[in-house]
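A quick write-up on the structure given underneath.
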């Protein structure tokens with residue numbers, strides 16, 4: 001009966017899942033009341049902004065017929081990105097001369113540029129799925145196979161991005177129902193749990209693979225909120241970009257060193273990164289702009305499909321993962337900018353057609 005009721009519900013959207021996951025993080029954490037209230041407010045404000053973005057799409061009145069979507073070109077572009085990503089994955093494994101999945105300590109020897117380029121495989125496959133009519137069962141089979149390939153690099157995030165983005169794309173193409181997306185979500189959680197247990201086993205560490213990570217991440221956020229509120233003055237997000245040019249440490253490493261922790265990187269949560277850089281009030285413009293953009297892009301992607309839906313699927317995944325890790329990688333930031341460019345292109349094309 002519960003599954004039947006689930007199928008009769010409307011579409012589950014990003015802002016729904018964002019608030020739900022944020023609440024889960026709060027439930028499994030032990031942080032100060034003030035920081036908890038701000039964290040919850042951030043997710044609720046994102047929810048409201050996302051809804052406003054959807055409304056804005058209707059107010060502007062995008063005509064998808066004017067966009068002249070060529071799904072074949074989008075498909076070919078996706079295949080090209082997959083090839084580049086596959087070459088990068090192979091090169092990275094050759095570079096490190098080990099398999100980080102089974103030896104997590106070897107992950108620090110991966111080539112940062114190969115690793116970054118390997119993410120194009122995820123983007124390419126998302127675009128291919130969004131631009132083609134491949135059978136649903138084949139897509140899921142290929143996705144599992146590709147997940148095994150990607151997880152060799154030892155990053156759970158990449159596997160999650162692949163699984164979540166494909167699930168979102170199939171769901172918004174109406175190829176899977178509410179009931180099926182629930183089952184798919186459970187499968188993704190089981191895979192995450194398995195990878196987390198494998199990582200702890202390889203490191204010889206004991207503990208709950210899920211709640212211990214949530215508790216640690218939220219405690220870091222709590223420390224930033226109470227002791228480093230606005231202290232970084234934009235340096236965290238500066239590091240997210242310029243660390244790839246060798247000008248500074250990565251954003252998460254900067255946070256770790258500030259807290260006196262060395263040889264590891266630390267995830268500050270998406271809220272913690274913003275507050276650490278710009279102060280508590282910065283969550284209003286940050287989540288306001290992010291929510292409006294993603295709400296608008298969601299409606300555009302759902303109507304147009306192709307590369308629009310492919311990129312939205314990737315942003316869907318990174319936004320949810322960003323609750324813990326923050327949006328602090330240059331390639332991920334570029335995906336958001338690419339999505340923004342697609343939105344601007346659709347708006348300008350409408351204006352020019354008038």
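Using the three backbone atoms N, Cα and C, a Cβ is placed for every residue, glycine included.
What Swiss-Prot says about this one:
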TRANSMEM  9-29  transmembrane segment
TRANSMEM  31-51  transmembrane segment
TRANSMEM  76-96  transmembrane segment
TRANSMEM  109-129  transmembrane segment
TRANSMEM  144-164  transmembrane segment
TRANSMEM  185-205  transmembrane segment
TRANSMEM  278-298  transmembrane segment
TRANSMEM  306-326  transmembrane segment
TRANSMEM  327-347  transmembrane segment
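For the transmembrane segment (144-164), the partner stretch with the highest count of Cβ pairs under 8 angstroms, out of 9-29, 31-51, 306-326, 327-347, is 306-326.
Here the transmembrane segment (76-96) does not lie next to the transmembrane segment (31-51) in space: the count of CB pairs under 8 Å, restricted to residues six or more apart, is fewer than 3. The list of residues near the transmembrane segment (9-29) in space but at least 6 beyond its ends in sequence, with Cβ under 8 angstroms from a Cβ of it, reads 36, 39-40, 42-44, 46-47, 50-51, 171-172, 178, 181, 211, 214-215, 217-219, 222, 269, 291, 294-295, 298, 316, 319-320, 323-324. Listed by sequence, the residues of this chain that lie at least six past the ends of the transmembrane segment (31-51) yet keep a Cβ under 8 A from its Cβ atoms are 13-16, 18-19, 22-23, 25, 218-219, 221-222, 225-226, 269-271, 275, 280, 283-284, 287-292, 294-295, 298. For the transmembrane segment (306-326), the residues of the chain that approach it from at least six positions outside its boundaries are 14, 17-18, 21-22, 25, 69-71, 74, 77-78, 122-123, 126-131, 157, 160-162, 164-166, 168-169, 172-173, 213-214, 217, 251-252, 267-270, 272-273, 290, 294, 297-298, 300, 332, 335-336, 338-339, 342, judged by C-beta separation under 8 angstroms.
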